[in-house]
């Protein structure tokens, strides 16, 4: 369900990109228009494939299947990197254009881009601006789709050739019984945090990008950091609570060598290194900067909590991976 939701928004983004590039196709190469078309086809085919085959444990043509799944996974990661790069370049151009005159901005574009006429590539019509702003705001959904699909393909790759003992492990169906199951409370709290986070993010973007008053920008930053500090504190407490519960669990730890689990742990720690680096550089920048105001204090707290939350979360997940089945 989550994959289909992100896939729909990714398809809408591709439609907006096709409309935007078609507005001045005479000045662009054909690959600019072909790429979103091919990407839309890839999203449709991959979503259908995952919807139909996500639960399969394949036992024929194992090497070919593993090769195909790994090729699909790397393709998703390449699309993810491309989307992140495009979004960063678009945001950098927007900031540059806002802080410089039109003549200097066009001169920089001529230096950095090909020597054809830049005026022909300008997006002057209203419909072109709608397409441009639309696909820019839909980039996060495409990024999440690529990561979501990569995770599902990785799980399928791990399940190739896997045998399941149906006699020892019985499939348990989850039944939604209001206020009788603790997972219902978790789902409701998660949805509240998700909706609140989207609301805070929208308010933050509107206040920072549209307002010219420094006081309103400071209020938006304060709201943003306080919300994230509260969320990170709750997540850290939950992860610590989960690790404490593991101590009272009577199940034994699985100490046997497991290449798949080792790879899971390595990927988990490798993915956390990026956030550790961002938090570290943020702390260095805050400590070295002057003057130090309330925003700097909130930013410092946010960076420290980000490191703590990722550490506690990784410990909780790694301990869970080493648990014997019930």
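If you go along the chain as it appears here, the first residue is 1 and each next one adds 1.
Glycine residues also receive a Cβ, built from the backbone N, Cα and C atoms like all the rest.
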According to TrEMBL, transmembrane segment applies to one of these ranges: 4-23, 64-83. Which one is it?
64-83
From the ranges 97-123, 178-204, grab the one TrEMBL calls transmembrane segment.
178-204
CB contact flag for the transmembrane segment (224-246) and the transmembrane segment (300-321), at least three pairs under 8 A:
yes
Same-chain residues at least 6 beyond the ends of the transmembrane segment (266-288) with CB under 8 Å of its CB atoms are 296, 299-300, 302-304, 306-307, 310, 314, 317-318
Excluding the flanking five residues on each side, which residues at least 6 beyond the ends of the transmembrane segment (300-321) place their CB within less than 8 Å of a CB in that stretch?
225, 228-229, 232-233, 235-236, 239-240, 242-243, 246, 261, 264-265, 268-269, 272, 275-276, 278-280, 282-283, 286-287
For the transmembrane segment (136-157), could you work out the same-chain residues 6 or more beyond its ends whose Cβ comes under 8 Å from its Cβ atoms?
2-3, 6-7, 9-10, 12-13, 16, 43, 46-47, 50, 53-54, 56, 66, 69-70, 72-73, 76-77, 79-80, 83-84, 86-87, 90
